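Colleague: Found this in TrEMBL, in case it helps:
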REPEAT    12-53  repeat 'WD'
REPEAT    54-85  repeat 'WD'
REPEAT    96-137  repeat 'WD'
REPEAT    138-179  repeat 'WD'
REPEAT    180-221  repeat 'WD'
REPEAT    222-263  repeat 'WD'
REPEAT    264-296  repeat 'WD'
REGION    305-391  region 'Disordered'
COMPBIAS  345-370  compositional bias 'Polar residues'
COMPBIAS  382-391  compositional bias 'Polar residues'
Amino acid sequence: WSSSDPTLERHFRGHRDTVTSVDFSCTMKQIATGSSDSCVMIWNMKPQTRAYRFDGHKDAVTSVHFSPSGHLVASASRDKSVRLWVPSLKAESTVFKAHTATVRSVSFSGDGQSLVTASDDKTVKVWTVHRQKFLFSLNQHINWVRCARFSPDDRLIVSTSDDKTIKLWDKNSRECIHSFYEYAGYSNHVDFHPSGTCIAAASTDNSVKVWDIRSHKMLQHYQVHSGIVNSLSFHPAGNFLITASSDSTVKVLDLLEGKLLYTLHGHQGPVTCVAFSKNGEYFASGGNDEQLLVWKTNFDAAEFGDGTGQQHRSRSGTRAPTAHITMSGASEVSRPDTVPRSHSRNGNLSRLGRSQTHGKPSIASSTSNAHPPYTAPLPSHPQESASEGGLTSTLEHIIGQLDILTQTVSILEQRLTLTEDKLKECLENQMELSARLQSRDEA
């Protein structure tokens, strides 16, 4: 075991069915999950702190997403609606019917002002967060739309559908800029790299593909899972990608080296969702076993520290975070225009420590001719000064308060509309009663 290996930190149980979606708040204090049990749950990372269960949806929850400020959680459901929740004990929410069929995904824009939804009604829709006003619809898919996401700069939208296409849209012109085609299966999940220069897709053909959105070329093609890939998430620094699969594993891919880094065994049965925290320090996975597992990343801190590259390792996440590690072999990564497959060396790693290997592992040497897939420089995260941190914190607090205020106003508006409707109904009943009495008097 190495200090740079991921470790299982927490596991949460509370859902009564498959965990379908997971997301971290920006503060890392809360994690939101959606489930086929129709509930949204908010878990607190602080030990011995109770979770919140939000009931409101009439059918399975398919997707959850925190607003950038962390003061709202959006959830999508098979009941055709989207709900916006304030993630606190009161569980206040506002609901709107977003589509005419199951809503598969919901996601906030980077500025927190808009929402994008994807549905089995074959459309992608964009809404305002304030008052949930419908803005426009993107209609070129010819089958169910599984997932839709905004680009980091909010100028583009990417969507993936059972029609075997991944479409890139210009948010302002509302035009489809490009369609990427899947030939063997379709993609369950798609997302933008933090740099905004490429996208990754998790496919039903058991593979993960990375495309450049400017040249439209496939940069990487990972064939490392033995089951459908259900979800993926980029590390905020852009160097790693985690994937969740029906083969019951979570895998960590090193994007710069173009290889498989870790295989994590923690779930019993398919792993349905995965997400990095906003700072990349943690990642979480949910599955058919109704569990939420939270892992400490570790590998991003010691990136290529010994200069020899890292071998692929397989890790079992049992209930105790001190699970043993075993070396695993024959990982397959195929890259267009380079060596189609590379194999890591078989070896054994005892509970006490890593076995010694001499020289570079074969997987590192066989991909040494591969260039990093991103032509744009990877985003850097310089340390903010104390004053900047304070200002950011204050602004985030103000934005958060505005979010809550918007939400409260929206809920009040709904209640007012409900009251007005009831009042109208009462007046109509009264008029009908008066008319009847009058006609009876005349008779």
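Using N, Cα and C of the backbone, Cβ positions are placed for all residues, glycine too.
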Colleague: Checking distant contacts: for the repeat 'WD' (54-85), what same-chain residues at least six beyond its ends satisfy Cβ-Cβ under 8 A?
Modeller: 17, 20-27, 29-30, 32-42, 91-108, 110-112, 115, 117, 119, 127, 129, 132, 396, 399-401, 403-404, 407, 410
Colleague: Provide the three-state DSSP residue tally for the repeat 'WD' (180-221): helix first, then strand, then coil.
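Modeller: Looking at the repeat 'WD' (180-221) with DSSP, the answer is 0 helix, 23 strand, 19 coil.
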Colleague: Would you mind listing the long-range same-chain contacts of the repeat 'WD' (12-53), meaning Cβ under 8 Å and 6+ residues beyond its ends?
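Modeller: Long-range Cβ neighbours of the repeat 'WD' (12-53): 59-66, 68-70, 73, 75-77, 79, 83, 85, 87-89, 91, 272-279, 281-282, 284-288, 290-292, 294, 396.
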